[in-house]
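Taken straight from TrEMBL:
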DOMAIN    18-45  domain 'C2H2-type'
DOMAIN    46-73  domain 'C2H2-type'
DOMAIN    74-101  domain 'C2H2-type'
DOMAIN    102-129  domain 'C2H2-type'
DOMAIN    130-157  domain 'C2H2-type'
DOMAIN    158-185  domain 'C2H2-type'
DOMAIN    186-213  domain 'C2H2-type'
DOMAIN    214-241  domain 'C2H2-type'
DOMAIN    242-269  domain 'C2H2-type'
DOMAIN    270-294  domain 'C2H2-type'
Amino acid sequence: MEHNAELDHSIIIVGKSHQCNQCVEAFSNDIQLIDHRMLHTGNKPHQCTHCDKTFSRSSDLVYHIRTHTGEKPYPCRLCNQAFSRSNYLKEHMRKHTGEKPYKCSFCDQTFAKASILQSHKRTHTGEKPYECVHCDKAFSQASGLRSHLTTHTGEKPYPCSQCDKSFSQKCALTEHIMTHTGEKPYTCNLCGKVFSRMSSLRTHTRRHNGVKPYICKYCDKAFVVNSVLVSHLRRHTGDKPYQCTQCDNAFSHKSTLTNHQRTHTGEKPYQCNRCDKAFLQLAHFINHQRTYTD
């Protein structure tokens, strides 16, 4: 019965005879409209029998109950996956078909999910809606905020079973494990190069197609990788987030801080194999190597 209600809701574009008077939504029958209006009242009469949660709409309760029962009534006809909601199945099918119906209005990139498009658009607008409650930092992605919060808490609940490293996020652990197994499941369909991370493949693909989605808001420069844009922006803002713990110096880039810290520790990691000289910085080591002629 609930399945039919979902199907009815998916064809409301045809009739739109039952219009909500508080927003632009329209529905094909009174039952759906009444259900929808509960969202505006804030009333939540639908109680879960498995936990304390309550819901404005009966349909939301149905979806929630499936998180308890594990029911997944929408199977994919092309693989063995199944889903608790029809829209989840619809999104999944795009992995098989390659359909990407959501196009960015700022560039030519297209996406399989509306949520991914919205996240992508923030790389153009600079919007950072995810704010840290512990400091004044804000992030364009929820994942960025989650990762940042661990710098305050220090929590790393995902330990690697093959070494002593731990991670703040499960996805980071999954990617790390591939450094042990050597697994590289992500293949570029343009050149055949393989990667252990999906993010690395995405970045690599941009180098083929020339897409530079990360645009500086102060000048006309654009970048393939967001981290390079962040680094570039510091030239405009003067931001120096990397503070030396042994003196008052601060730096725009982590690598510059690392080089500077060696002036305190005396570490010289770049050793010449032709003489006994060692260097603080790679650039100095390379210059030294040029003094030799074969």
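Just so you know, glycine gets a Cβ as well, placed from its N, Cα and C.
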Within the domain 'C2H2-type' (270-294), what mean pLDDT does the predicted structure show? 87
From the DSSP assignment alone, can you count helix, strand and coil residues within the domain 'C2H2-type' (158-185)? 12 helix, 4 strand, 12 coil
Under 8 Å for C-beta pairs, could you tell me which stretch among 46-73, 74-101, 102-129, 130-157 has the largest tally with the domain 'C2H2-type' (186-213)? 102-129
Let me spell it out: take the domain 'C2H2-type' (102-129), skip the flanking residues so only those 6+ beyond its ends count, and list any with a Cβ under 8 Å from a Cβ in it. 91, 94-95, 138-141, 211, 213-215, 217, 226
Cβ-Cβ under 8 Å with the domain 'C2H2-type' (130-157): same-chain residues at least 6 beyond its ends: 119, 122-123, 166-169
